[in-house]
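Undergrad: My structure is below; once you've seen it, I'll send some questions.
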């Protein structure tokens, strides 16, 4: 994945900073937020993430696949330690989220 | 939050147990009593601590445990000799690990410098075992900046050779259980606030786990249920635990997920011959490594995840390359194979043992409450039957038989409840080796500790309150008792001093002896100091035993200079007082040049006592049955007076002092008529016999001990109190104290001691 700095807000894209706590309660708001950003290139800034729940991971995977389906760019920038290790526990990497094809 | 705190508390409890196992195992190895199982147990202990600590993100602890574990692994695989030097480092590491656990639990800071030093030493041992040049600066350089576990070193900046050697080591540790777990949470599980990642973290603590996540079921965003469940995890777990243990992890989520756990007997993938489970095991471990390790060295930026796949790739060739290399040593030494088998056997045993002797953890308060209640039950049962007889119940009636049965039942209940509290003194003895090591280091002496009778059982309260006096006495034995190595050699003794701690049951009490083979008490000096400090008059003429006992006087110190260990004069008198508070006694036997023996004698339990109920004057007094040998009615011809008030009674062909209990306790000032009462022959702790003169014997009964100190205050000559069947309070006699006071009555020294004890 080419690195996209979250600072450079590309004309055609948006930067969304993921909230600190991505637990069960954050799942629905996260889905809604991502739905509202659909259709444009997006960079998710994961540098603030402190806690990462399984359901939000599912949503991120779904989002990545959706963006891919929409032929729009989707990337995760500056994953925090908690973010990466949260994925690690589930046997995933930030890469794996982005790259897997989703079979409908 | 509460649940979390509870889990944390359990973790630390388990840590304490693991640390005890660790130390016990290392000591067994040091004494040459170890078999391969011991080494495995030691390894498992450290491994479990590491695993648990990982779950709580206790990084320092994880890091240290990891290095320690790696070194132990070398020992387990037989590549590292368990030489004295190695074990010294291991033992110190065990101490450091214990400190880290304490720091993790209670906060504070560990001795980082020492730990870093130990880590280097441990790594040095690993290097040594691998046949590399010992702690090369290269290795140090590699390990210093990266705070991550050592595996990183091999992967990061060294060529692949060390990793290959690592594989060879892993060969020896086969025999672990491997499971393939497919875990698919259902939405219900999340709805119950159970997180998949928490379950997975628990799995990681069991052993080396590789988790693969199947994300194919995740739908597109518009179709997703934010609180749905779409992920399936396939876990390849290699663990020392049984399947049961693995299932336990899933206990809470069992019904809210699809779960299959199957034992795997062949290699996870077919890329290598599946016949050799060891190799498959290695593969499983290798694969697990990259997943495990980055947890501690998380990605710093986007570049890192990019590296990750690259790092993985060399992993596979490495594994294949290593496999043949690893195979060669496999058939050659039989030892690792045997170790592996023993490991498996040990696990089996552990499992079977777990089935046969299951344990539960119970809050001590609940047990205490039960004991209190049973105590009350006993009192009431006695009261009830007494009242019934007083009301004219016939002894032969059915009700009386019922009372007898009830009494037996109550007794059995009481015994069983007391047995819950009984614990081997091992828990206290376990702490001693470390204490001895530390004190020996500080004092510059060489000490060998021998413990005996560590399975002797005694009430938990006694054990808890035993630790402090015991610690103090051992410090004393090393600091004052043992001579410096040079002096020992000059005296023709071995350089290494011996401190022996032995526990045993003796006549219904527990006796703990602390003996050293040092110089013994320097009586001349003790007396001089006592005179100088004004504790005794200069012209006092004391027996050897009395001089020895001077060291129990408050403010006494023989040490010429105050050391960090002892010499502040708040020593033995505190020891003596705390033992007395437990209803115990302490005595000394010392032989110049040959050493001293301190003997502590304590009651087995602080809750019940078999006693003889006697009348003394108007009072009812209980004499502990354990002290009594026989009773007799003295005839006038058998009682001899001498030296004023002192009397002797002749029993068969021996004479023994006749102690007038009423007079000793201050119930009467007149000398009781010897022929009018009953003489109870008692034996004191030191084996001396005397006869206690009382007015009459009422009977024999089990009484519930109620502390007099807690409810009233300490009374010399009285050990405790009890409540009788009729509701009256009766005092329990402290036989030794009564006998001792009577014998040396008027002695300035003893009255001084009495005063101190009050």
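Cβ atoms are placed via backbone N, Cα and C, with glycine included.
Remember, it's a predicted structure, so these values are computed and weren't measured experimentally.
According to TrEMBL, the record shows the following:
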DOMAIN    B:1-104  domain 'HPt'
MOD_RES   B:47  phosphohistidine
COMPBIAS  B:291-305  compositional bias 'Acidic residues'
COMPBIAS  B:306-318  compositional bias 'Basic and acidic residues'
COMPBIAS  B:345-356  compositional bias 'Gly residues'
DOMAIN    B:355-606  domain 'Histidine kinase'
DOMAIN    B:608-744  domain 'CheW-like'
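Could you give the neighbours, burial and distances for every feature on this list?
TA: Per DSSP, the secondary structure of the domain 'HPt' (B:1-104) breaks down as 88 helix, 0 strand, 16 coil.
The Cβ of residue B:47 (phosphohistidine) lies under 8 Å from the Cβ of B:65, B:69, B:207, B:240, each on the same chain and at least six residues away in sequence.
Confidence annotation: the domain 'Histidine kinase' (B:355-606) carries a mean pLDDT of 81 in the model.
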Undergrad: For the domain 'CheW-like' (B:608-744), what does DSSP give as the number of helix, strand and coil residues?
TA: 26 helix, 69 strand, 42 coil
